[in-house]
Structure formats: C-alpha cells, structure tokens
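K.L.:
In case it helps, TrEMBL gives these features for our protein:
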DOMAIN    28-303  domain 'G-protein coupled receptors family 1 profile'
TRANSMEM  15-36  transmembrane segment
TRANSMEM  56-84  transmembrane segment
TRANSMEM  104-128  transmembrane segment
TRANSMEM  148-169  transmembrane segment
TRANSMEM  199-219  transmembrane segment
TRANSMEM  250-272  transmembrane segment
TRANSMEM  292-315  transmembrane segment
C-alpha cells in the first residue's frame with residue numbers, strides 16, 4: 001500500500017466525484033425525510049390524537065436518518081482533504097507513522113465500517129417486519145409495535161458501534177488508502193491478526209444479505225399465495241387495502257435490497273481477495289468503497305420515486321396482472 005504514510009493527496013485526483021455523491025445523498029435523504037413527515041401528518045386522526053404509523057415507516061425513517069448522518073459525517077472529511085491537499089492522516093492529530101495512522105483516519109475507518117453495516121441491519125429489520133406481517137399476522141399484531149420499531153434503531157446502532165470499534169482495540173488495523181482521502185480496515189497483508197476483522201466483516205455482510213433476500217422471497221411467495229386465494233371479482237375494498245399496503249412495502253423493500261446487494265458485493269469480494277489472494281489493488285478498493293457509498297445515495301431516491309402516484313399505480317397494475 002503506497003499511500004499508507006502519504007501526507008498529500010496523489011496528483012491527478014479530483015474532488016468532483018466526492019462532491020457530487022455528497023450533494024446527491026444530502027438532497028435525497030432530506031427529501032425522503034420530508035415525505036415521511038408528510039405521511040405522518042396525513043395519518044393524524046381527526047381528533048388530534050398521535051398519528052398511527054407502522055413499524056415499517058419507523059424503520060424507513062431510521063434508515064434515511066442513518067444515511068443522512070453518514071453523509072454529513074464522512075463527506076466533509078474527504079472534501080477538507082481535497083481543499084487543503086493533505087491526507088487524512090496528516091489532517092488528524094497524532095500517529096504520523098505508517099503503522100498507526102492519525103486520529104482522523106482512524107475515525108474515518110470506524111465511520112465507514114459503521115455506516116456500511118448499520119443500514120444492512122435496518123434493511124434486515126424491514127424485511128423481517130414485512131415477512132412477519134404477511135406470514136404471522138397474529139404474532140405481528142401482538143408483539144411488533146411502533147415502540148418496538150423505534151427501539152430497533154438504537155439497538156442496531158449500538159451493536160454496530162461495538163463491532164466496528166474492534167479495530168481500534170487491536171483486532172484489525174485502520175489504514176489510509178490511495179489517494180489519501182479515505183481510510184478503512186486493512187484488507188490485504190499484515191498476517192492473520194489484522195485480516196481477521198475484514199473477513200469477519202465481509203462474512204457478516206454476506207450473511208445479512210442472504211437473510212434479507214430469504215425474507216423477501218418468502219414474503220413474495222406468501223403474497224402470491226394470498227393473491228391466488230383472493231376472488232377475482234367482488235373483493236371488498238377493505239379486505240384488499242391491507243394487501244396493497246403490504247405490496248407497496250414489499251416492492252419498495254425489494255428494490256432497496258437489489259440495489260444494496262449490488263453495492264455491497266464489491267466490498268465483500270475485495271475483502272476476501274485481499275485476505276486469501278493478497279490482492280493490493282487500491283483502485284479496485286476505492287471503486288468498492290464508492291459502490292458502498294452509492295447505496296446510501298440511491299436508497300432515498302428509490303423511496304422518493306416509489307412514493308409518486310404514477311409509479312405506484314404502474315406497479316400495482318403489473319402485480320395485479
């Protein structure tokens with residue numbers, strides 16, 4: 001890794017990609033939160049009582065807040081490095097050597113790992129919520145409340161923070177990557193003690209992706225079975241409305257899952273290649289990092305597009321057929 005101890009950004013690098021990603025992520029997540037707030041106001045009962053929103057919308061809100069927080073914490077560090085033409089290790093205090101990067105670089109590596117894992121857990125919670133609501137409605141009505149949905153967000157954040165802090169405690173090694181504007185856990189070389197965490201991180205991400213896909217496939221099968229048992233004509237609107245609401249949730253979650261899987265696989269593959277094949281291709285590592293960052297940008301825009309009446313009408317028409 002030629003940029004482990006670099007003090008300046010490599011020549012020929014531009015801040016335009018990072019600026020565009022930051023602006024798109026910021027705008028998309030803010031708009032998604034505004035749409036969620038509008039839904040909350042519309043669901044307020046006539047008597048002025050608190051609105052009744054589902055656990056799914058609570059989890060979607062937590063996902064948008066997590067993505068927005070990640071962009072606001074990580075992107076300014078990258079832009080500051082470009083503005084001063086200094087690497088993250090040089091900008092942060094302490095640890096100027098190659099073996100121990102600066103405090104800012106270590107913080108960046110922790111935040112990258114955290115905001116890559118936390119949205120995955122939230123997507124899994126959303127998939128489980130949809131699966132339980134379709135396949136186990138009695139259990140869902142009794143136990144999955146809005147309060148539980150609100151508690152899942154902080155619980156997932158706490159578990160992710162504890163897990164992602166392991167490299168700061170010696171299990172794994174934060175390291176600066178080329179062009180000097182980002183840091184992550186070392187994914188190649190350094191022996192088993194340093195490569196154990198990236199393999200464990202990639203394995204956990206892979207298992208979560210498989211669990212999300214399994215829950216969504218099961219939900220699709222249950223929804224298809226419900227549609228087959230439904231009479232073709234004369235179905236009461238009150239009976240069809242809950243199923244259409246679950247269909248909305250399922251299609252939205254399915255789109256987010258496909259995008260998340262595509263954006264997460266490069267980093268998982270790079271972690272395994274670095275650990276078992278000693279692949280030191282930093283350009284490929286940077287591309288995998290950008291793929292992971294794109295996920296938090298695309299998710300809110302998918303939600304915004306899906307909430308439009310034209311797109312939802314088209315999806316329902318296709319699913320009915």
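Heads up, the Cβ atoms here are built off N, Cα and C, so glycines get one too.
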K.L.:
So what's the mean pLDDT when you look at the domain 'G-protein coupled receptors family 1 profile' (28-303)?
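P.N.:
For the domain 'G-protein coupled receptors family 1 profile' (28-303), the model's average pLDDT rounds to 77.
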K.L.:
Do any residues, 6 or more residues outside the transmembrane segment (104-128), come within under 8 Å Cβ-to-Cβ of it, and if so which ones?
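P.N.:
Distant Cβ neighbours of the transmembrane segment (104-128) are 56, 59-60, 62-63, 66-67, 69-70, 73-74, 77, 87-89, 91-93, 95, 149, 152-153, 156-157, 159-161, 163-165, 167-168, 174-176, 182-185, 201, 204-205, 208-209, 211-212, 215-216, 219, 249, 253, 256-257, 260, 264, 267, 289, 292, 295-296, 299.
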